[in-house]
Amino acid sequence: MDSGVKLEHMNCFQLSYQYSWTTRKKRTLKPFMSKGSSPSSSSDSRKRKLSRAEDSDDSAVKRNAKRRRKICKVEEYYEDDDCILSDWVQRNTAKRIDKRNEEVEVMVKIESGDDCTIGKWFSDVSSKRKDKRQVEVDEDEEWEEEVTLCSKIKATSSRSRTHSLSANSPENVTDVISPCRSRSPASNVSDSIQKNDCTSSRKQSGPICHQCLKGERITLLICSECEKTMFCLQCIRKWYPNLSEDDVVEKCPLCRQNCNCSKCLHLNGLIETSKRELAKSERRHHLQYLITLMLPFLNKLSIFQKLEIEFEATVQGKLPSEVEITAAISYTDERVYCDHCATSIVDLHRSCPKCSYELCLKCCQEIREGSLSERPEMKFHYVDRGHRYMHGLDAAEPSLSSTFEDEEANPSDAKWSLGENGSITCAPEKLGGCGERMLELRRILPLTWMSDLEHKAETFLSSYNISPRMLNCRCSSLETELTRKSASRTTSSDNYLFCPESLGVLKEEELLHFQEHWAKGEPVIVRNALDNTPGLSWEPMVMWRALCENVNSTSSSEMSQVKAIDCLANCEVEINTRQFFEGYSKGRTYENFWPEMLKLKDWPPSDKFEDLLPRHCDEFISALPFQEYSDPRTGILNIATKLPEGFIKPDLGPKTYIAYGIPDELGRGDSVTKLHCDMSDAVNILTHTAEVTLSQEQISSVKALKQKHKLQNKVDKQSTEDCNEKEEEEEEELNMPEISSNENEETGSALWDIFRREDVPKLEEYLRKHCKEFRHTYCSPVTKVYHPIHDQSCYLTLEHKRKLKAEYGIEPWTFVQKLGEAVFIPAGCPHQVRNLKSCTKVAVDFVSPENIHECLRLTEEFRQLPKNHKAREDKLEASLLSL
């Protein structure tokens with residue numbers, strides 16, 4: 001790890017989004033040897049003579065006269081050539097005269113100084129000029145390469161090149177490659193200056209590159225589609241490596257709608273995000289389908305609230321119809337959570353009139369039943385034994401702050417006071433309340449709002465008698481063009497996952513096909529999702545440049561550092577942004593050649609993604625398959641889009657994940673997303689990859705370190721049972737392929753394992769049994785789990801997956817995600833991911849009516865976790881979404 005990298009424990013980390021961008025100095029155009037010029041003149045034109053401050057004015061005049069004679073000579077050589085450089089020489093001469101005047105002024109100022117001051121000034125000037133000469137020589141060579149390429153293009157293409165863009169504008173010296181059209185090149189340039197919105201803000205005469213807004217390039221390619229937009233060769237090579245010069249001339253990136261210049265990247269509305277408009281009959285059918293699935297949950301919630309009203313009627317000695325419920329303070333600008341279980345409050349709840357302690361109806365029910373848990377805080381103390389220990393060597397003395405064992409706070413003796421009539425006293429002080437006043441029933445929504453909603457839903461369903469659309473599909477047990485084998489279970493028929501092409505998802509029968517698999521809780525893989533988009537670059541450096549050049553971003557000036565996660569220590573590291581992205585494409589290693597795996601999670605923050613990268617956001621949404629479900633803005637079957645105005649919507653993305661990766665499974669410090677379970681549905685698109693190849697020296701070092709890791713694991717487990725057998729098994733595993741499916745590792749980029757919902761109990765049992773075989777923070781063994789899945793402290797390696805199948809007879813769906821593929825993950829399905837290459841993924845969450853029951857089940861599961869558990873907060877508010 002670099003010495004400049006800071007390591008911090010990752011508990012509830014927040015990424016730093018403070019941006020900076022190095023301003024690149026404009027390069028100065030240099031004369032070059034064109035066709036027909038002599039080598040001597042070319043050599044003379046490159047020489048730069050340092051001006052001396054002590055030169056007399058007469059010598060300066062002679063030097064300028066000599067320079068003018070050389071200009072005439074150069075113009076003779078270039079008279080019939082495409083590249084007219086006389087104007088450049090004039091401008092460059094003017095610059096040198098200005099610089100000469102500045103030097104004279106400086107000399108006048110320091111005449112009164114001593115010799116040391118003058119000597120120091122001459123030393124600085126000489127050093128700067130020496131560096132500048134080297135830069136000029138390098139730039140000359142680069143420009144000559146471009147000229148050679150232009151000559152080849154001119155010789156092999158039918159396009160014509162203009163000798164002069166305007167007879168009245170001697171400053172236009174840039175070559176423009178344009179198609180043979182009836183329009184003159186001058187009119188093309190005029191249009192590019194007057195009509196191009198992206199460059200109109202830049203007031204510069206003559207042709208300029210649309211990308212870099214510079215007019216000093218030797219060769220510009222003009223688009224034959226719009227006949228006005230131009231790109232220089234350097235920008236094409238740097239920012240559009242997938243486009244050739246011919247492609248740009250045929251149709252420029254701006255016309256292709258994938259221009260990644262600073263201006264275009266911050267424009268929104270250029271990409272049509274919705275793939276098709278729904279007919280009225282389709283909308284009616286979708287709404288009926290949605291309400292049919294949601295109405296049972298609405299009825300259940302309504303019954304639950306009516307029971308609480310009956311308890312309140314008993315407390316007040318009235319009939320339920322006579323109970324008046326006071327409206328709580330408006331909560332439209334904030335989320336309301338239960339102060340005991342942290343679950344979101346939808347409508348009815350109890351509140352203390354003195355301390356405003358709020359309690360949800362579920363906690364009220366548990367208090368009356370005597371089953372309420374205090375949910376004490378959990379305390380994790382992972383031991384930091386140093387970097388040597390993480391790499392399988394001897395451990396250092398653990399720091400005093402990390403030598404405690406995992407422990408759980410002792411439950412307090414405080415108890416809730418429950419009246420005989422069902423009334424509840426405020427929570428004791430130890431639990432956050434005042435313990436004095438009775439909790440009163442409060443409401444958030446209008447009094448009859450829920451009953452009216454229930455009545456409207458039932459009326460709607462009875463008024464439209466639409467026959468259900470069904471598609472009897474058996475592809476889960478058959479290998480076809482629309483399926484991908486992902487498991488080898490002998491007792492079930494769901495080993496094949498539905499895997500359609502993105503071009504076919506717009507068909508109605510494909511949506512029905514998707515719904516049938518989705519209702520069963522099966523993942524779905526959509527191939528080539530990015531093929532339907534304009535092709536905007538998802539290269540991380542392009543995204544970083546867009547963030548840094550965002551003038552509206554308050555943090556764009558502090559982007560030089562990012563906080564990534566070190567996968568080996570599971571801790572935050574602060575690293576230079578450019579170094580991180582260089583490691584993304586080239587790889588990074590520790591001093592012992594063990595691969596260093598870093599990842600950026602939710603970068604930039606999802607709540608700012610649409611503002612900071614509007615074009616990327618629109619492109620991602622336009623690429624989403626089955627937009628009836630996945631569209632975070634207008635998906636008709638996405639329940640998360642149904643919240644009325646004024647309510648705070650849950651943060652469902654889009655979210656970007658950028659992480660390193662290599663094909664080999666390291667077993668320790670892999671670039672992984674550990675086993676977890678999302679409380680909502682999600683779709684994940686792989687937008688960019690970069691392959692990193694390990695050297696032979698690295699491979700040898702990794703193999704030796706793996707042996708040390710095995711020995712360390714045996715010591716940590718303090719067990720030598722069956723050591724010989726296990727050692728043989730592990731030795732075989734090192735030589736076995738990681739991917740057991742028929743996927744080609746060269747095309748695959750991310751290895752997914754998704755478990756079925758019905759296998760979760762056995763999976764949890766296995767994890768509890770083998771939890772100490774996993775490593776988490778500081779690469780320390782996991783000593784205790786509160787919830788084996790929601791703790792997110794385990795990743796099942798190939799060895800663990802084999803043991804899981806041998807002991808419990810279950811296995812996940814295992815497949816490799818390729819570039820451009822979209823993976824749909826149903827709510828309630830535990831899953832994990834390991835990167836086989838450096839990957840950039842973009843994901844968005846949604847809530848489908850088929851899986852709302854799983855969202856509510858997970859909400860109940862999360863509320864049973866300890867108070868400070870990171871998964872405990874009800875971020876989705878599934879109960880509110882069900883309304």
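The backbone N, Cα and C atoms fix where each Cβ goes, glycine too.
These features come from Swiss-Prot:
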COMPBIAS  34-43  compositional bias 'Low complexity'
ZN_FING   209-256  zinc finger
BINDING   CYS209, CYS212, CYS232, CYS235  Zn(2+) 1 binding site
BINDING   CYS223, CYS226, CYS252, CYS255  Zn(2+) 2 binding site
ZN_FING   333-392  zinc finger
BINDING   CYS338, CYS341, CYS363, HIS381  Zn(2+) 3 binding site
DOMAIN    632-863  domain 'JmjC'
MOTIF     755-762  motif 'Nuclear localization signal'
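If you compare Cα positions, CYS223 (Zn(2+) 2 binding site) sits closest to CYS235 out of the binding-site residues CYS235, CYS338, CYS363. Outside the motif 'Nuclear localization signal' (755-762), and at least 6 residues removed from its termini, the chain residues within Cβ reach (under 8 Å) are 494, 521, 677, 789, 808-810, 812-813, 826, 828-831, 854. Restricting the average to the zinc finger (333-392) gives a pLDDT of 79. All protein chains considered, the CB of CYS232 (Zn(2+) 1 binding site) has 24 other CB atoms within 10 Å. For the pair CYS363 (Zn(2+) 3 binding site) and CYS212 (Zn(2+) 1 binding site), the C-alpha distance works out to 61 angstrom. Checked against CYS232 (Zn(2+) 1 binding site), the binding-site residues CYS226, CYS252, CYS255, CYS338, CYS341 differ in C-alpha distance, with CYS252 being the nearest. Sitting within 8 Å of the Cβ centre of CYS223, CYS226, CYS252, CYS255, and not among those site residues for Zn(2+) 2, are the Cβ atoms of SER224, GLU225, GLU227, LYS228, THR229, LYS251, PRO253, LEU254, ARG256. Long-range Cβ contacts of CYS341 (Zn(2+) 3 binding site) within its own chain (separation 6+, distance under 8 Å): CYS360, LYS362, CYS363, ARG375, ARG863.
If you take the C-beta of CYS235 (Zn(2+) 1 binding site) and look for same-chain residues 6 or more apart in sequence within under 8 angstroms, you find CYS209, GLN211, CYS212.
A helical conformation is recorded for CYS363 (Zn(2+) 3 binding site) in the three-state DSSP classification.
In this structure, the binding-site residues CYS212, CYS255 were compared by how many other Cβ atoms lie within 10 Å of their Cβ, and the smallest count belongs to CYS255. Across the motif 'Nuclear localization signal' (755-762), the DSSP tally of helix, strand and coil residues reads 6 helix, 0 strand, 2 coil.
Ranking the binding-site residues CYS223, CYS226 by C-beta neighbours within 10 Å puts CYS223 at the top.
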